[in-house]
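**Q** Pulled these from Swiss-Prot:
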- 28-100: disulfide bond (DISULFID)
- 38-75: disulfide bond (DISULFID)
- 41-59: disulfide bond (DISULFID)
- 42-71: disulfide bond (DISULFID)
- 48-84: disulfide bond (DISULFID)
- 99-117: disulfide bond (DISULFID)
- 25-67: repeat '1' (REPEAT)
- 68-125: repeat '2' (REPEAT)
- 1-25: signal peptide (SIGNAL)
């Protein structure tokens, strides 16, 4: 029995739609895996909102950095980036770096999410950069793939930047940086072998 043209046409459209959805989902999932931050709602910083790769709101962070909650250190696969509100006139709300001194592989953004630059400094072979704060830079996003024992950053908890959290290669929290770039502490220059990468947030 012959299949009516309308049914054949609708079946073709359905198959095409499924194929396009599969390709789009695959492309999406590949893109999402490139630069997610590694955190979860409990461990996320209070006052910061966390979003998926397509901009869907996931949750507000629950942990006060001055009184952190006992949270697991797993990465919520839904979370891709965060946005933290700025308190006007508060210089502590932003990270202090510049494009030259910024970590290679990390992207730096303004407070409204405008891309400023990619960091230029390889932690294994740092460039001779000034230590001034670029007023345009508010926060950074670094690929999770950098959390690798093959490319650890060279710092320690004392010398680490205040407002940045430091992690080992498997994502375990090590410490929060203690050094204010405007009033740096007298810290040793040794590399803590436990530290592999950092995540810096720009709210207090």
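Cβ atoms here come from the backbone N, Cα and C positions, even for glycine.
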**Q** Of 48, 59, 75, 84, 99, 117, which disulfide-bonded residues are close to residue 42 (disulfide bond), meaning a Cα within 10 Å of its Cα?
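**A** Taking 48, 59, 75, 84, 99, 117 one by one, the ones whose Cα falls within 10 Å of residue 42 (disulfide bond) are 59.
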**Q** Name the secondary structure element type, per DSSP in three states, that contains residue 38 (disulfide bond).
**A** coil
**Q** Given the disulfide-bonded residues 38, 41, 59, 75, 99, and counting only Cβ atoms in the protein chains shown, which has the most within 10 Å of its Cβ?
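**A** Its Cβ has the most other Cβ atoms within 10 Å: 38.
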**Q** Whole-number answer please: how many Å between the C-alpha atoms of residue 59 (disulfide bond) and residue 38 (disulfide bond)?
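**A** Distance between the two Cα atoms comes out at 14 Å.
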**Q** Other than its own, how many Cβ atoms are within 10 Å of the Cβ belonging to residue 100 (disulfide bond)?
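**A** Taking all protein chains shown, residue 100 (disulfide bond) has 17 Cβ neighbours within 10 Å.
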**Q** With every protein chain in view, how many other Cβ atoms are within 10 Å of the Cβ of residue 117 (disulfide bond)?
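**A** That number is 16.
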**Q** Just give the helix, strand and coil counts over the repeat '2' (68-125), going by DSSP.
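**A** Once the DSSP states are binned, the repeat '2' (68-125) shows 3 helix, 16 strand, 39 coil.
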**Q** Can you tell me how far the Cα of residue 48 (disulfide bond) sits from the Cα of residue 99 (disulfide bond), in Å?
**A** 24
